[in-house]
Amino acid sequence: MTTVTEKAKGFIQVDKRDAKLALAHIYVAFIALFIGGLCGLLQVLVRSGQFTLPWGITYYQILTVHGVLLGLILTTYFIFGFQIAAVSRTAGTLTDKQRSIGWIGFWTMTAGTVAASIMVLLNEASVLYTFYAPLQAHWIFYVGMALVVVGSWIGGIAQIMKYVEWRKANPGQPSPLITFMVVVNLAMWIICSLGVAVEVVFQLIPWSLGWVDKIDVLLSRTLFWYFGHPLVYFWLLPAYMVWYVVIPKIIGGKIFSDALARLSFMLFLIFSIPVGFHHQLTEPGIDSFWKYLQVVLTMMVVIPSLLTAFSLFASFEIRGRELGAKGVFGWFKKLPWKDARFVVPFIGMAAFIPAGAGGIINASHQMNQIIHNTIWVTGHFHLTLATTVVLTFFGAAYWLIPHLTGRILTKQMNHLAIIQAIVWTVGMSIMSGAMHIVGLFGAPRRSDFSTYGGSEQAADWIPYQIAQAVGGTILFIGIILVLYIVAHLLWFAPKGKTEFPIGEVSEHAEKTPMVLENWKIWLTICILLILFAYTIPVIDMIQNAPPGSKGYKLW
Ligand code: HAS
C-alpha cells in the first residue's frame, strides 16, 4: 500500500489557525465518545439483568448521558470540526473575522454542553436525548441545550460567510463541491433547529422555571420531531460528503458526477424536514391524512440515498475497470482493501444497506405499529448512526487529524484502524442484530429492567439482552481502540504531511447546471413544503388541545 505520506505531494494544507479551530471541536467530540460510550456499556449490562448500578445511579441517568453525549455532542462537534476544515481546504483560509465567529460559536456550544452535562450527571435532567415533556429537567439543562443550538448557528454562520465570499469572488461558477455540501447541511440544520429552539425557549424553560404549570405536550413533541428527523440527516450528510468527495480520491478514481451529488444534497434539503410525523405515527391528536402525507414525503427522502448508492457503485466500478476488473463484480477485488481510510467508511456504507431498509420499514405506516417504541428502533439507529455515520467519521479522522496536527498515520496505526473497524462490526452485528430480533417480539426500548424484568415475557427476551451486553462490551473495546489511535494521531505519531483528499470530477460527467446552486429556488420549495406539511396540523393541535394541556400556549 502506498502510505498516506507518500501520496501527499503538492497538496493544499489547511491553515494552522483554522486547523486549531477544527481540532478544538474534534477534542470535545472524542471526550464525548469516551464518556458516552462508557455509559452505553453500563446500560447494556443493566439491561442484561445481571448487573445493578452502584451509588444510586439510575438507568435513565446513564441513558441520558449516553444519548446526549453521543447523539448530540459527539456528532455536532465532529461535524463542525470536519466542516470547518473542509471549507478552509476548498474555499480558502477563513478571514480573521470568520475565524473569531467560529470561536465564539465553539465557546457558546461548549458552555452549553458543560452546563447540560453537569445537570445530567447530578441526576437533575434524566430526560433522555429527546427531552420529551412531561419528563421535566432542571432549567439549566434546557438553557445549556439552547446554548448548544445557538452556538452551532454562530459557528455555522462563519462557514456560510466563507462560501458567500467565494461565490462573490467567482461569479457564475459552481462552488467547490464539499463547501457547497457543507452549506446545504447548515441550511437544513438552521431551518430545522428553529423548531427545537422554539420548544425549549417558549415551552420547556418557562415550565421548568415554574412560570407556567402546564405545557402542550403534543405541540412540544411535534416541534421536537420537526427538528429530530432532519437531525439524523445532519449526521448523515457529512458522511455522504466523505463518500462523494473523499473516497473517489482515496481509491484513485474520480467523482462520478458533480451534478448528481449536488442534486442529491438539494433533495435532502427539501425533503428531510417535513417528515417529523413519521416519529409520531402512533400519537393521537394528529389527523391521519397529515401522517400519511409525511409518510409519502419520507419515501421521497429515500431517493437521494438511492442516488448516492448508485453514484458510489459507479465510482467503484469505473475505477475497478480502469485497473482491469472484469465481470459484474470484478471491481470489488480492485478496491484498496489495506487502506483504513477506505475500508472503515466502506463498512459504514455496507451497513447502510440493511440500515436503510430498516428505515423504510419504520416509515411504512402499518409496519410502524409493530416496531414503534420497541428496541428494534434502537437497533435501527445503532446501524445508521452508530455504524454508518460513526465508522465514516472514524475513517475520516484517520486522515483529518494527522492533516491538522502535521503528523502521519503509520502502517501500524493503519492496521490497527482496520482491526478497530472489524471489532466494531462484530460487536454491532451482535448487539444491533439482537435488538432488531427481540424488538419484533415486543421488547421495549428505554425501559429499566427492574420495571419489567419480572414479567413472563421478559424471560423470553433475556437471552437477546445478554447478547446485547456481549455486543456492547465488544463495542466498548472498539471505543478504547479508536481513542488510542486518535490520541496517537493527536500527540505521538511521527511528524509529517498527510493529505486532505479531495476528488476530482470525472471528465465524462455532464457540466453542472447552475440551477442546482440557485438558493432562491431550493429554499422556497423547502419552506413551501414545510408550510404545507405542518401549518394545518399545528393549528389543529393548538385549537383542539385537550383541556389539561392548555395551561401554557405558544400563541
Ligand atoms: Fe431512521 C427512527 C425512518 C435513516 C436515525 N432513525 C430513528 C431514530 C434515529 C434514527 C436516531 O419512519 C430514533 C429516534 C428516537 O429516538 O425515537 N430512517 C428512516 C428512513 C431512513 C432513515 C426512512 N435514521 C436514518 C439515518 C439515521 C437515522 C440515516 C441516522 C444517521 N427512522 C425512521 C423512522 C423512525 C426512525 C420512521 C421512527 C420509528 C419509530 O416508530 O419510533 C432513510 O433515510 C434510509 C434510506 C437509506 C437507504 C440506503 C441507501 C444505501 C447506501 C449505501 C450504499 C452502499 C455501498 C457500498 C455503495 C435507502 C447509500 C457497497 C457495499 C457492498 C457490500 C457491495
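Glycine residues also receive a Cβ, built from the backbone N, Cα and C atoms like all the rest.
Copied over from TrEMBL, here are the features:
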type	residues	note
DOMAIN	20-491	domain 'Cytochrome oxidase subunit I profile'
TRANSMEM	21-46	transmembrane segment
TRANSMEM	58-80	transmembrane segment
TRANSMEM	137-156	transmembrane segment
TRANSMEM	177-205	transmembrane segment
TRANSMEM	225-247	transmembrane segment
TRANSMEM	259-277	transmembrane segment
TRANSMEM	289-316	transmembrane segment
TRANSMEM	342-361	transmembrane segment
TRANSMEM	381-401	transmembrane segment
TRANSMEM	421-442	transmembrane segment
TRANSMEM	462-487	transmembrane segment
TRANSMEM	521-539	transmembrane segment
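Within the chain carrying the transmembrane segment (462-487), a Cβ under 8 angstroms from the stretch's Cβ atoms is held by residues 30, 33-34, 37-38, 40-41, 43-45, 47-50, 394, 397-398, 401, 413, 416-417, 419-420, 423-424, 426-435, 437-438, 441, 443, 449, all 6 or more beyond its ends.
For the transmembrane segment (137-156), the neighbouring stretch richest in Cβ pairs under 8 Å, chosen from 21-46, 58-80, 259-277, is 58-80.
By the Cβ criterion (under 8 Å, sequence separation of 6 or more), the transmembrane segment (58-80) is not in contact with the transmembrane segment (421-442), since fewer than 3 such pairs are found.
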